[in-house]
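Here's the structure we're looking at; comments come further down.
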Amino acid sequence: MSTIKHICVLSNSLPLSRKTELLLQEKLDEYRFSWSKQLEVDTDLIICIGGDGSFLKTMHDLSFPTTPVVSVNTGHLGFFSEVTPDQIDLLLQKIHDNRYIIETINPLSAKVDLEKNIQALLAINEVVVKSSRCKPIHLKITVNNQLIQTFSGDGILVSTSTGSTAYSYSAGGSIVDPSLEVLQITPLAPINTNAYRCFTSSVIFPPNATIRIMPEREPESYVMISADGIEQPQTSFKEINISLSNQAIYMLRLNQHDFWNKVITKFL
(Lines of atoms letter the chains of each structure in order from A and count residues from 1; the text may use other names and numbers.)
(Lines give C-alpha, C1' and ligand atoms only; values in the text may rest on other atoms or scores of the structure.)
Protein backbone atom coordinates (compact mmCIF):
# COMPACT_ATOMS: atom_id res chain seq x y z
CA MET A 1 0.00 0.00 0.00
CA SER A 2 1.54 3.29 -1.12
CA THR A 3 1.74 6.21 1.27
CA ILE A 4 -0.76 9.01 0.70
CA LYS A 5 0.98 12.38 0.56
CA HIS A 6 -0.99 14.73 -1.68
CA ILE A 7 -4.77 15.10 -1.32
CA CYS A 8 -7.33 16.80 -3.55
CA VAL A 9 -10.22 18.43 -1.62
CA LEU A 10 -13.50 18.92 -3.46
CA SER A 11 -16.73 20.28 -1.97
CA ASN A 12 -20.18 21.38 -2.98
CA SER A 13 -21.26 24.95 -2.24
CA LEU A 14 -23.63 24.35 0.69
CA PRO A 15 -22.77 26.14 3.99
CA LEU A 16 -22.08 22.97 6.00
CA SER A 17 -19.86 21.62 3.22
CA ARG A 18 -17.88 24.85 3.03
CA LYS A 19 -17.45 24.89 6.81
CA THR A 20 -16.29 21.27 6.70
CA GLU A 21 -13.89 22.07 3.87
CA LEU A 22 -12.19 24.80 5.92
CA LEU A 23 -11.90 22.46 8.91
CA LEU A 24 -10.45 19.74 6.71
CA GLN A 25 -7.87 22.10 5.22
CA GLU A 26 -6.72 23.11 8.72
CA LYS A 27 -6.46 19.46 9.76
CA LEU A 28 -4.55 18.52 6.60
CA ASP A 29 -1.97 21.17 7.48
CA GLU A 30 -1.75 19.80 11.04
CA TYR A 31 -1.12 16.29 9.71
CA ARG A 32 1.36 17.73 7.19
CA PHE A 33 -0.40 16.50 4.08
CA SER A 34 -0.04 18.61 0.97
CA TRP A 35 -3.37 19.44 -0.62
CA SER A 36 -5.01 21.25 -3.50
CA LYS A 37 -8.53 22.03 -4.73
CA GLN A 38 -8.08 20.34 -8.07
CA LEU A 39 -6.99 16.91 -9.28
CA GLU A 40 -3.29 16.93 -10.11
CA VAL A 41 -0.86 14.40 -11.55
CA ASP A 42 0.59 13.59 -8.12
CA THR A 43 -2.78 13.39 -6.29
CA ASP A 44 -2.90 10.25 -4.11
CA LEU A 45 -6.42 10.69 -2.74
CA ILE A 46 -9.58 12.67 -3.44
CA ILE A 47 -11.68 13.78 -0.47
CA CYS A 48 -15.19 14.67 -1.60
CA ILE A 49 -17.35 16.72 0.77
CA GLY A 50 -21.13 16.56 0.28
CA GLY A 51 -23.83 13.95 -0.11
CA ASP A 52 -24.28 11.06 -2.51
CA GLY A 53 -25.30 13.43 -5.30
CA SER A 54 -22.11 15.45 -4.90
CA PHE A 55 -20.05 12.27 -4.92
CA LEU A 56 -21.66 11.04 -8.15
CA LYS A 57 -21.29 14.44 -9.82
CA THR A 58 -17.62 14.56 -8.84
CA MET A 59 -16.95 11.13 -10.34
CA HIS A 60 -18.62 12.17 -13.60
CA ASP A 61 -16.91 15.58 -13.68
CA LEU A 62 -13.52 13.90 -13.22
CA SER A 63 -14.32 11.20 -15.83
CA PHE A 64 -14.16 8.37 -13.29
CA PRO A 65 -10.61 8.83 -11.99
CA THR A 66 -8.41 5.92 -10.94
CA THR A 67 -7.26 7.95 -7.91
CA PRO A 68 -8.88 6.58 -4.73
CA VAL A 69 -11.69 8.68 -3.27
CA VAL A 70 -13.27 9.02 0.17
CA SER A 71 -16.47 10.92 0.90
CA VAL A 72 -17.27 13.08 3.94
CA ASN A 73 -21.04 13.20 4.36
CA THR A 74 -22.70 16.58 4.73
CA GLY A 75 -25.84 15.43 2.92
CA HIS A 76 -28.69 13.08 3.77
CA LEU A 77 -28.34 9.34 3.10
CA GLY A 78 -24.58 9.18 2.61
CA PHE A 79 -24.37 5.66 1.21
CA PHE A 80 -21.05 6.45 -0.45
CA SER A 81 -19.69 8.35 2.54
CA GLU A 82 -17.15 6.94 4.95
CA VAL A 83 -17.18 9.59 7.69
CA THR A 84 -19.10 12.60 8.97
CA PRO A 85 -17.47 16.02 9.64
CA ASP A 86 -16.86 15.20 13.30
CA GLN A 87 -14.78 12.17 12.25
CA ILE A 88 -12.22 14.06 10.15
CA ASP A 89 -9.47 13.55 12.75
CA LEU A 90 -10.13 9.81 12.73
CA LEU A 91 -10.00 9.74 8.93
CA LEU A 92 -6.72 11.64 8.67
CA GLN A 93 -5.08 9.67 11.48
CA LYS A 94 -5.88 6.37 9.76
CA ILE A 95 -4.68 7.70 6.42
CA HIS A 96 -1.49 8.93 8.09
CA ASP A 97 -0.95 5.49 9.66
CA ASN A 98 -1.82 3.59 6.46
CA ARG A 99 -4.71 1.88 8.25
CA TYR A 100 -7.34 1.71 5.53
CA ILE A 101 -8.55 -0.55 2.75
CA ILE A 102 -9.46 0.15 -0.88
CA GLU A 103 -12.78 -1.09 -2.25
CA THR A 104 -13.27 -1.52 -5.99
CA ILE A 105 -16.56 -0.57 -7.68
CA ASN A 106 -17.22 -1.38 -11.34
CA PRO A 107 -19.70 0.99 -12.99
CA LEU A 108 -22.03 0.31 -15.88
CA SER A 109 -20.74 0.85 -19.38
CA ALA A 110 -23.38 2.03 -21.86
CA LYS A 111 -22.93 2.50 -25.58
CA VAL A 112 -25.71 4.57 -27.17
CA ASP A 113 -26.12 3.95 -30.89
CA LEU A 114 -27.48 7.00 -32.67
CA GLU A 115 -27.93 7.27 -36.42
CA LYS A 116 -24.78 9.36 -36.88
CA ASN A 117 -22.54 8.40 -33.96
CA ILE A 118 -22.06 6.18 -30.91
CA GLN A 119 -21.96 7.76 -27.45
CA ALA A 120 -20.20 6.07 -24.52
CA LEU A 121 -21.46 6.53 -20.95
CA LEU A 122 -20.46 5.27 -17.50
CA ALA A 123 -22.74 5.08 -14.47
CA ILE A 124 -22.06 4.00 -10.89
CA ASN A 125 -25.71 3.54 -9.89
CA GLU A 126 -27.97 3.22 -12.90
CA VAL A 127 -28.77 3.93 -16.52
CA VAL A 128 -32.38 4.85 -17.36
CA VAL A 129 -34.06 4.82 -20.76
CA LYS A 130 -37.38 6.65 -20.92
CA SER A 131 -39.45 8.92 -23.14
CA SER A 132 -38.53 12.61 -23.17
CA ARG A 133 -42.24 13.37 -23.47
CA CYS A 134 -45.08 12.65 -21.04
CA LYS A 135 -46.18 9.46 -22.77
CA PRO A 136 -45.32 5.74 -22.64
CA ILE A 137 -42.28 4.44 -24.46
CA HIS A 138 -42.27 1.13 -26.37
CA LEU A 139 -39.02 -0.84 -26.17
CA LYS A 140 -37.55 -4.24 -26.98
CA ILE A 141 -35.15 -5.71 -24.43
CA THR A 142 -32.65 -8.48 -25.11
CA VAL A 143 -30.09 -10.07 -22.79
CA ASN A 144 -27.14 -11.73 -24.51
CA ASN A 145 -29.07 -11.47 -27.79
CA GLN A 146 -32.13 -13.27 -26.43
CA LEU A 147 -35.41 -11.33 -26.49
CA ILE A 148 -36.62 -10.93 -22.91
CA GLN A 149 -39.66 -8.72 -23.37
CA THR A 150 -41.38 -6.05 -25.40
CA PHE A 151 -41.96 -3.25 -22.95
CA SER A 152 -44.49 -0.45 -22.70
CA GLY A 153 -44.44 2.06 -19.84
CA ASP A 154 -42.49 4.99 -18.48
CA GLY A 155 -39.08 3.41 -19.05
CA ILE A 156 -36.44 0.85 -18.13
CA LEU A 157 -33.83 1.19 -15.39
CA VAL A 158 -30.64 -0.89 -15.34
CA SER A 159 -28.69 -0.76 -12.08
CA THR A 160 -25.57 -2.16 -10.47
CA SER A 161 -25.54 -3.82 -7.07
CA THR A 162 -24.17 -0.53 -5.71
CA GLY A 163 -27.10 1.32 -7.29
CA SER A 164 -29.73 -1.03 -5.89
CA THR A 165 -30.36 1.34 -2.95
CA ALA A 166 -30.80 4.39 -5.21
CA TYR A 167 -33.40 5.06 -7.93
CA SER A 168 -33.89 1.32 -8.44
CA TYR A 169 -35.05 0.89 -4.84
CA SER A 170 -37.45 3.83 -5.17
CA ALA A 171 -38.87 2.18 -8.29
CA GLY A 172 -39.53 -1.09 -6.45
CA GLY A 173 -36.26 -2.86 -7.23
CA SER A 174 -34.52 -5.31 -4.93
CA ILE A 175 -31.74 -4.32 -2.55
CA VAL A 176 -28.65 -6.30 -3.59
CA ASP A 177 -25.61 -6.92 -1.40
CA PRO A 178 -22.71 -5.14 -3.17
CA SER A 179 -20.53 -8.24 -2.80
CA LEU A 180 -22.79 -9.78 -5.47
CA GLU A 181 -21.80 -8.38 -8.85
CA VAL A 182 -25.03 -8.38 -10.86
CA LEU A 183 -27.12 -6.31 -13.25
CA GLN A 184 -30.71 -5.52 -12.33
CA ILE A 185 -33.47 -4.50 -14.75
CA THR A 186 -36.33 -2.61 -13.11
CA PRO A 187 -39.44 -1.58 -15.11
CA LEU A 188 -40.77 1.93 -14.57
CA ALA A 189 -44.59 1.98 -14.48
CA PRO A 190 -45.03 -0.99 -16.86
CA ILE A 191 -48.25 -1.37 -18.83
CA ASN A 192 -49.66 -4.88 -19.20
CA THR A 193 -52.06 -5.34 -22.11
CA ASN A 194 -52.71 -7.98 -24.76
CA ALA A 195 -50.09 -6.25 -26.90
CA TYR A 196 -47.45 -5.78 -24.19
CA ARG A 197 -46.65 -8.38 -21.54
CA CYS A 198 -44.15 -6.65 -19.26
CA PHE A 199 -42.34 -7.75 -16.14
CA THR A 200 -43.84 -6.00 -13.14
CA SER A 201 -40.84 -6.62 -10.87
CA SER A 202 -37.06 -6.47 -11.18
CA VAL A 203 -35.04 -9.17 -12.92
CA ILE A 204 -31.46 -10.02 -11.92
CA PHE A 205 -28.76 -11.04 -14.41
CA PRO A 206 -25.15 -12.21 -13.98
CA PRO A 207 -22.22 -9.81 -14.35
CA ASN A 208 -21.29 -11.03 -17.84
CA ALA A 209 -24.72 -10.12 -19.27
CA THR A 210 -25.11 -7.55 -22.03
CA ILE A 211 -28.48 -5.80 -21.98
CA ARG A 212 -29.66 -4.31 -25.25
CA ILE A 213 -32.58 -1.85 -25.29
CA MET A 214 -34.02 -0.60 -28.55
CA PRO A 215 -37.20 1.16 -29.64
CA GLU A 216 -39.94 -1.05 -30.97
CA ARG A 217 -40.04 1.13 -34.08
CA GLU A 218 -36.67 2.53 -35.15
CA PRO A 219 -35.45 5.18 -34.83
CA GLU A 220 -37.03 6.87 -31.79
CA SER A 221 -36.79 10.66 -31.71
CA TYR A 222 -37.99 11.35 -28.18
CA VAL A 223 -35.76 9.39 -25.80
CA MET A 224 -34.14 10.55 -22.56
CA ILE A 225 -31.13 8.58 -21.35
CA SER A 226 -29.98 9.20 -17.80
CA ALA A 227 -26.68 8.07 -16.24
CA ASP A 228 -26.70 8.54 -12.45
CA GLY A 229 -29.38 11.19 -12.83
CA ILE A 230 -27.50 13.16 -15.49
CA GLU A 231 -30.07 13.41 -18.29
CA GLN A 232 -29.22 13.49 -21.97
CA PRO A 233 -32.05 13.89 -24.52
CA GLN A 234 -31.43 11.81 -27.63
CA THR A 235 -32.78 12.05 -31.15
CA SER A 236 -32.57 9.28 -33.75
CA PHE A 237 -32.01 6.72 -30.99
CA LYS A 238 -31.38 3.22 -32.36
CA GLU A 239 -30.26 1.18 -29.35
CA ILE A 240 -28.24 1.13 -26.14
CA ASN A 241 -26.01 -1.73 -24.97
CA ILE A 242 -25.34 -1.92 -21.24
CA SER A 243 -22.84 -4.13 -19.41
CA LEU A 244 -20.49 -3.96 -16.44
CA SER A 245 -17.38 -1.95 -17.23
CA ASN A 246 -13.82 -3.17 -16.81
CA GLN A 247 -13.04 0.35 -15.63
CA ALA A 248 -13.30 0.88 -11.87
CA ILE A 249 -13.40 3.51 -9.20
CA TYR A 250 -11.60 2.99 -5.90
CA MET A 251 -13.17 3.87 -2.55
CA LEU A 252 -11.02 4.37 0.53
CA ARG A 253 -12.60 2.64 3.53
CA LEU A 254 -11.48 2.79 7.15
CA ASN A 255 -12.99 -0.63 7.82
CA GLN A 256 -14.72 -3.34 5.87
CA HIS A 257 -17.79 -1.63 4.39
CA ASP A 258 -20.82 -2.42 6.60
CA PHE A 259 -23.47 -2.25 3.89
CA TRP A 260 -26.34 -3.79 5.84
CA ASN A 261 -25.83 -1.53 8.82
CA LYS A 262 -26.27 1.41 6.45
CA VAL A 263 -29.41 -0.15 4.99
CA ILE A 264 -30.87 -0.63 8.48
CA THR A 265 -30.00 2.86 9.72
CA LYS A 266 -30.98 4.69 6.53
CA PHE A 267 -34.13 2.84 5.45
CA LEU A 268 -35.61 0.90 8.37
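Including glycine, each Cβ sits where the backbone N, Cα and C put it.
Caution: TrEMBL annotation is automatic and unverified by curators.
The active site, proton acceptor annotation in TrEMBL covers ASP52. In this structure, ASP52 (active site, proton acceptor) is part of a helix by DSSP.
The Cβ of ASP52 (active site, proton acceptor) has GLY75, HIS76, LEU77, GLY78, PHE79, PHE80, SER81, ALA166 as same-chain neighbours under 8 Å, each 6 or more residues away in sequence. Taken from TrEMBL, the feature NAD(+) binding site covers ASP52, GLY53, LYS57, ASN125, GLU126, ASP154, THR165, ALA166, TYR167, SER168, TYR169, SER170, ALA189.
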Cβ atoms near ALA189 (NAD(+) binding site) (within 10 Å, other residues, all chains): 14
DSSP-derived class (H/G/I helix, E/B strand, else coil) of GLU126 (NAD(+) binding site): strand
